[in-house]
Structures are given as structure tokens and as C-alpha cells.
Amino acid sequence: MTKFVFVTGGVVSSLGKGIAAASLAAILESRGLKVTLLKLDPYINVDPGTMSPFQHGEVFVTEDGAETDLDLGHYERFITAKMRKVNNFTTGQIYESVIRKERRGEYLGKTVQVIPHITNEIQDYIHRGAEGFDVALVEIGGTVGDIESLPFLEAARQLSLRAGRNAAAFVHLTLVPYLASAGELKTKPTQHSVQKLREIGISPDALLCRADRQIPDDERAKISLFSNVQEDAVISVWDADTIYKIPQMLHDQGLDRIVCEKLALSPKPADLSMWTKLVHSLENPKDSVTIGMVGKYVDLTESYKSLTEALRHAGIHTESRVNIEYLDSEEIENTGPQCLAKYDAILVPGGFGKRGVEGKIASARFARESKIPYLGICLGMQVALIEYARDVAGLTKANSTEFDADTEQPVVALINEWQNHDGKVERRDANSDLGGTMRLGAQTCAVKPGTLAAEIYGSEVTERHRHRYEANNHYLGRVEDAGLIVSARTPTESLCEIMELPRTVHPWYVGVQYHPEFKSTPRDGHPLFISFIKAALAHKHAGQAKK
């Protein structure tokens, strides 16, 4: 039978519930338990796919094509289990499901209410995602006290009651702020947060107390007394310079022991040696590179969370510190790309919309002409294709129909029909809904022998997608004749997956239509990013040799 650990948050949002839950899951997995994580989001959107990155941050895509919360990216980076659609659901999905059942008459004429119908549906979703695992950690989004979170907290309380003794544990993450004017940590917000949770009928088994410093024993004793939580279960979680230190921090204070005792589990001792090695590699690099990332969401770096982590993972596996500088593509559009000359490599990530796109195109051209390593992801590949078509292949009016619906030379265009991850044919047009109508999830394709892509991936590549627009096959022949290499295509539609420049022309210039960052983990890194960082190191050293 699956055991449950519910992770809640109090006082303020963005305390790091996802990191805390993923870190605890990593410790439990190291103890030999089969572990998964679920994220319950209390917003009414069906999924985050149509939400602005400024509102929500990154949208993480699973192997089976779900557009999910960025916390699922943390989950995959901390444990070995792959996330699926069932690992993330929202208030919107719950209500949509209940209303469909009501319309079909499944409630037999009863008045449909939050309790029991909504809360039962939430529990059904939780059980579905947890099936087949020893322990499921369930992160409840939002903050205790928010009206949106109440049905999820009530469902967690009911599930705990129904599951019986030793079947569920509650871990509450809260803030202990430091008041500089008073020169002390303040525990009152935590006391009130726990009190609010207990009013709902939930008594936490452990408190994770976030602060900018370690919390002294006397303050932990005070929190214990007023929150009715054992003193050894009041865990101090202070700011760390890398999230990969958190598993060791929680283990050193016995959080996994407390949870295992509550759940009546007796697994083998934890082995966190892998995390120790990762942290050592991060803290003891032998070299460094600086990457210029040209995007439109640079004011909120959460929009590129998986990408940032993927670059850091590549740094771990190349013994290098990867410094990332975020550059606004609109500023480059206005002032020119000369500011990119100082970087060891240039990366243009995915994105949507016309704003700042000419700055990205200019960045791709600068990287190509200056022989600076370039990686274009999704839109980053498309702008590189547009630039090459305009400036090399003679298609001077080349553009994407995303930016100019009436362009005379649509080298990038809307996909009307494609196969999803399980082979089902999907169709859309310009009038289709925005939500859930993209090419989503993992797909496999063959790689052209003798290319840089083949050197990186081998003969085959499986990566995750999230896009509506593709390179237009009608124009690819012209661009290939001008020297660009299409080094991977989809097997059915022959859509461009990877493009590159010959190494006789440029040392490392690659564009990919998919999102490789979603598959990178600190354990293994990702071959594309590792190759990219190696190219950046080579460019840096070549520049130093010339001086």
C-alpha cells in the first residue's frame, strides 16, 4: 500500500516547497524506497500552458506531453522516476472532471458540492498518480489560509483519515523572518500558520522553517512549544548557494527518520554520496565559461529554470563553472549585437510572440559570423534558420508566419498536422484553441551519420517538444543547398528536428526544435549541453591563445 507525505506551505509563497519535497523524495529514494511526487495547483486554469511566463514561470513538459508546473522539473532532477500527466493537476481539471460527471448523470441527481464531490475527485487523482509506489509526496500549491487551497487541504485530511494510522505524514514549510531592526528571528508568523493548519484538522508531523540563517536551538524549542510539534521535528532550512545541498541538510537533521517513523517504514540507511560528489564538483570547478542567454523573459529567470539547471549540470560534467548572463533581445534589437562578443557562447532559448524576435535573429547572425558557439532551442533554432535563409540562402524576405502571417517566404510556418508521443495524429489551424494544441511530449527520430548531432547523440534522439511552428519543408531544400545541414528529421512528417553548420564553416553552431533542457539531470547531465559547454571552453581557450 502506498504511503503519503503531504507538503504544505505557510506565511508566504515561493519558499521552496518543490525543492523541499524533491529533496525529501531523493533521501527516501536513496533508502531504497520507490518514490514519486505529485503537485496540486489550486488555480482554475486547466494547465499552465497558456499562462504568461511572467505570471507562472517555466512550463515543464513531461514525456507523455503534459504541460505542467516547473516543480515537476525539480522532481525529475532529484529522483529517477519520470513525471507523467497524473503527477500534476489543477482546480480547473478537477472541476472540469466533476462537471462532466454531473452532465453524464453519474451523481444520480444529487446536489454536487465541494464536500464530498470535489474532495473525493481530488483524492481519486492523488491515488491515480501514486499507484505502484511505496511513498508518494504530495505538494499542495499555494499558502495555508488561501481560499483556493482549502479543497485540497480538506482532501488531504480526508485521505489521511481514510488511509488509517501510519499511512500519511504532514510536513509544513514556513517562514521565520529575521527583523534587522530588532536583530532577531520572529517565530510568530510560523505559530499562526500552524494554528491555521490545525483549524482545518491537520497537525504537522514536521516543520521546515525557512530563514536566511540557521535557527538557534532556543528558537526551535519555542516554535515546538507553540506549534505542538516535537522539537527534533522543527527543522532549520537556511539559504544555500545551491539547491543540491538541501537533501544533505534535511538528512543531517533527521527529517527522513521522522517521516519513516511516522509511516512505520524501516528502509535501509540513506546513501547521499552522489549528492556529496555533485556539490563537490560544483564548488571545485577547474575552469569557467560565461554564456550569453538572449531571451525576452530575462526579468524573470524562473522562465528558464530547466535551461539554467541544464547548463549547470553540464558544468558539473565538464568540471566547469557556468556563468549565465541574461540579455534582453529587445535591447539587442535596438542597440545591436556587439555586446555578445565578450561571451564564450551564445544561447537563444524558446519563446513565443513577435516582441524582440529581430534581436534574436541578429544574435544568431552575430554568432554565425563571429564563430562563437551557438545553441538555438525551439524558437532559437527558428530564428537561426530565418537568419540563414535571409543572409546566406538569398531568401531576403524569409520570416515565420508567427511574426508575419502574410510573409512572402514563410520558412517557418504553423504545423497543421502531426503525431503526438503515442503516434496519434493531431490537427489544428489558426482558429484552434491555444491550450493543449501544440506538438507536445517525447518523440524519436534518426540522426544523420557524420554530423555533429550524430557525434553528440549517436544514431537516434528522443526529446520533448512544445511548439506550434516548424521549419517549412518547402524552403528547406534551398537552405540546405546554401550549406545548412538538417541533421535529424521526424520519421513520418520529415520535420526538421536538428540543424547545424558544417564544422568547416563554424566550430559549433546547432539549432534544435525540441527542448533538451527537460531531460537534463545533475546525475547524468545532457549530451547536447555538455557538448555546448565543451565548445564554449574551446572558444575561450582559443581566444586566450591569440592574446
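Backbone N, Cα and C define each Cβ position, glycine as well.
The following features are taken from Swiss-Prot:
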{"type": "ACT_SITE", "residues": "C378", "note": "active site, nucleophile"}
{"type": "ACT_SITE", "residues": "H515", "note": "active site"}
{"type": "ACT_SITE", "residues": "E517", "note": "active site"}
{"type": "BINDING", "residues": "S13, K186, T187, K188, P189, T190, Q191, K222", "note": "UTP binding site"}
{"type": "BINDING", "residues": "S13, D146, I147, E148, K186, T187, K188, P189, T190, Q191, K222", "note": "CTP binding site"}
{"type": "BINDING", "residues": "S14, L15, G16, K17, G18, I19, D71", "note": "ATP binding site"}
{"type": "BINDING", "residues": "D71, E139", "note": "Mg(2+) binding site"}
{"type": "BINDING", "residues": "G351, L379, G380, M381, Q382, E402, R468", "note": "L-glutamine binding site"}
{"type": "DOMAIN", "residues": "290-542", "note": "domain 'Glutamine amidotransferase type-1'"}
{"type": "REGION", "residues": "1-265", "note": "region 'Amidoligase domain'"}
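Here the features listed in Swiss-Prot are painted onto the structure.
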residue	record	contacts (Cβ under 8 Å, 6+ apart)
G18	ATP binding site	K39, D69, L70, D71, H74, Y75, E139
K186	UTP binding site	V176, P177, Y178, L179
T187	UTP binding site	V176, E219, K222, I223, F226
T190	UTP binding site	G10, V11, T174, L175, V176, L207, C209, I223, S227
L379	L-glutamine binding site	V348, P349, G350, G351, F352, V357, K360, H467
G380	L-glutamine binding site	L347, V348, P349, G350, K360, A364, G511
H515	active site	V61, S306, G350, I377, C378, E463, R464, H465, R466
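With the fewest other Cβ atoms inside 10 Å of its Cβ, the least crowded of the binding-site residues K17, K188 in this structure is K188. For I19 (ATP binding site) paired with I147 (CTP binding site), the C-alpha to C-alpha distance reads 24 Å. In the three-state DSSP classification, Q382 (L-glutamine binding site) falls within a helix.
Applying an 8 A CB threshold to same-chain residues 6+ apart, the list for G16 (ATP binding site) reads L173, R210, V237, I243.
Rounded to a whole number, the C-alpha distance linking S14 (ATP binding site) with P189 (UTP binding site) is 16 angstrom.
Taking all protein chains in view, 15 other C-beta atoms sit within 10 angstroms of the C-beta of P189 (UTP binding site). When the Cα atoms are compared, I147 (CTP binding site) and S13 (UTP binding site) turn out to be 14 Å apart. Note on I147 (CTP binding site): other Cβ atoms within 10 Å of its Cβ, all shown chains, come to 8. The two recorded residues M381 (L-glutamine binding site) and K17 (ATP binding site) have their Cα atoms spaced 34 Å from each other. Residues G351, L379, G380, M381, Q382, E402, R468, recorded as binding L-glutamine, reach a greatest CA to CA spacing of 14 Å. Comparing the Cα of K188 (UTP binding site) with the Cα of every entry in L15, K17, Q382, R468, E517, these being the recorded positions, the smallest distance points to L15.
Confidence across the region 'Amidoligase domain' (1-265), taken as the mean pLDDT and rounded to a whole number, stands at 95.
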